[in-house]
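Here the structure comes first, spelled out in structure tokens, and everything after it is commentary.
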Amino acid sequence: MPELPEVETSRRGIEPHLVGNILHYAIVRNSKLRWPVSEKIKTLLDEPILSVKRRAKYLLIELNQGWIIVHLGMSGSVRILPEEQPEEKHDHIDLVFRDGKVLRYTDPRRFGAWLWCEDLATSSVLAHLGPEPLSAQFNAQYLYQQSKNKKIAIKPWLMDNKLVVGVGNIYANEALFSSGIMPDRKASSLTEQECDVLVNAIKTVLTRSIEQGGTTLKDFLQSDGKPGYFAQELFVYGRKDKACLICGHTIESIKQGQRSTFFCRHCQHGEITD
């Protein structure tokens, strides 16, 4: 699933091609995504693109009339292509621009979304989101205050968008490894010092992934069609039964909330004793 670094990589890739350009028209080949494609998108004609932003894992494309809100779902990606490029099986949406370029949305599993909103303040999908992880608002004091009396395990807690947005499974695993914190500890067990280390680890791993164009494990492609290269820098995610790159001990895995969690008993400390 594309997480925050992949969405931010996509935003940075498409922004120079969209902002200041004129959306000539939209082609919707398949409306059956996670939610039906908003009818308004199908009717857009000759609309200038004012900005391309990101909130959590949503791409926000600003036009005079409102906003296109894009979620990449489990397997979605957006690419900039020439208008004459033939569409393929899973190419569901094109935004065709006056300069002959196309923003093409590809989504094999169709769990993504293309929504329309006149005012972001009224958008139900953007309501109740926590702070951005790379913002000053997300800091050790905030995380420590939020952790008090929380009996939930740390890793699924970090993945709650009401706490902080965009820390998906890959990056939660990697940040906890970097912090030396076991993923099944209760959130309430975190000390102020551990919160400081953990916040810094989250910011570092997300920033590094963005610099590498995100993580491609299967479907994700950058806007130029290239994969993300952060997969080559993963310490624990997807490395069950392999040697830890730091200490040589075996990487183990458990299930937390139907998600795979990866850890090293030697480098991380906390609850797991089996």
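A Cβ is built for glycine as well, from the same backbone N, Cα and C atoms used for every other residue.
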Among ranges 60-94, 130-164, 235-269, whichever one Swiss-Prot labels zinc finger: 235-269
Further binder of DNA named by Swiss-Prot next to His90, Lys150, taken from the candidates Arg98, Arg109: Arg109
Entries of Pro2, Glu3, His90, Arg259 which, being recorded positions, have CA atoms within 10 angstroms of Lys57 (active site, proton donor): Pro2, Glu3
Among the DNA-binding set His90, Arg109, Lys150, as the record gives it, the longest Cα-Cα distance in Å: 42
